[in-house]
There are 2 protein chains.
Amino acid sequence: MKEDDALQAALRLAVDPPGGVSIGALRELARDDDATDWDIATTAAHLGVNPHTLRYYERIGLVRVARDAAGHRRYDAPAVRRLVFLIRMRTSGMPISDLRQYVDLVDAGQDTVSERLDMLLEHRDTLRSQVAHLQLALAATEYKIATYQEAPRP
Amino acid sequence: MKEDDALQAALRLAVDPPGGVSIGALRELARDDDATDWDIATTAAHLGVNPHTLRYYERIGLVRVARDAAGHRRYDAPAVRRLVFLIRMRTSGMPISDLRQYVDLVDAGQDTVSERLDMLLEHRDTLRSQVAHLQLALAATEYKIATYQEAPRP
DNA sequence: GCTTGTGTTTGAGCGCACTCACACCTCTAC
DNA sequence: GTAGAGGTGTGAGTGCGCTCAAACACAAGC
């Protein structure tokens with residue numbers, strides 16, 4: 001029981017991150033601005049990815065992107081929102097094949113909602129065990145750091 | 001001082017993962033049994049990796065492993081402990097090149113302790129921001145799950 | 001009008017971390 | 001003594017997710 005409290009405390013502390021994701025960018029993205037209309041370089045910069053990656057994602061069918069008169073990509077708010085979601089899933093470990101499957105389900109309409117939900121539930125479980133694994137590694141690393149710091153030669 | 005107690009507690013508790021690594025195996029590994037003397041298949045099974053991976057790690061110089069009369073690898077407790085450390089670092093995102101560097105420092109003796117410490121500190125920061133990132137993704141996923149679950153068509 | 005900058009498509013290339021194929025070896029059990 | 005399971009070293013192959021190269025198009029500024 002007090003074991004449990006200590007765990008909670010340890011986890012809460014381990015979670016508190018100096019140097020995480022750019023909050024400003026997230027806020028700006030969440031603003032859901034209907035005036036959003038970015039070129040590929042701007043979009044890539046805001047999302048923190050390579051422009052090549054955005055073209056690649058379009059090429060493999062993860063997003064459809066509008067073009068201007070010159071044939072250049074224009075990213076509006078819905079496109080950016082989808083990309084934010086996709087990139088978040090990707091960078092948290094979901095493979096591209098699953099993302100393909102997911103967007104195919106979305107495109108297939110409302111009757112695929114339960115399948116999508118299943119995918120999300122599964123990804124949630126994956127995320128949870130990833131977090132647990134990383135926290136174990138973090139604790140082990142901190143332990144080793146402590147042994148190095150307290151005794152010059154352990 | 002209470003830092004230290006918390007660390008001990010965190011370590012002990014963080015080792016207890018819901019849906020994570022095999023506890024039995026960890027306990028067995030932690031037993032630091034001087035009688036440990038496994039063949040490659042047993043070792044791989046306990047560590048949850050492919051035997052090929054263990055040969056690969058040896059090939060690239062991450063570990064040195066003793067042989068029996070037939071030339072077959074025998075993994076004793078120190079070898080297993082090093083592998084546990086290496087695999088933990090790897091599966092928490094440290095690239096092989098960094099592991100190479102780290103073991104080279106270890107092999108170079110005591111005067112490299114501060115460099116090793118720096119590497120560990122850096123990896124700790126990486127781990128912390130990884131955890132933060134995953135928790136953000138987890139929150140986003142749970143939010144989406146909630147929207148799917150509470151309203152049939154959001 | 002020509003350079004510079006930014007974009008386009010498509011196919012090819014890359015880096016990482018394994019993972020496998022192959023040819024050979026060495027026990028054990030029958 | 002021979003089959004079969006499990007090992008060995010080494011070079012090659014694989015899968016993933018980008019990332020780049022090449023050849024071309026347009027638009028603005030000097």
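Backbone N, Cα and C atoms are what each Cβ position is placed from, and that goes for glycine too.
Listed in TrEMBL for this protein:
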- A:47-105: domain 'HTH merR-type' (DOMAIN)
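Averaged across the domain 'HTH merR-type' (A:47-105), pLDDT in this predicted model comes to 96.
Applying DSSP to the domain 'HTH merR-type' (A:47-105) sorts its residues as follows: 35 helix, 6 strand, 18 coil.
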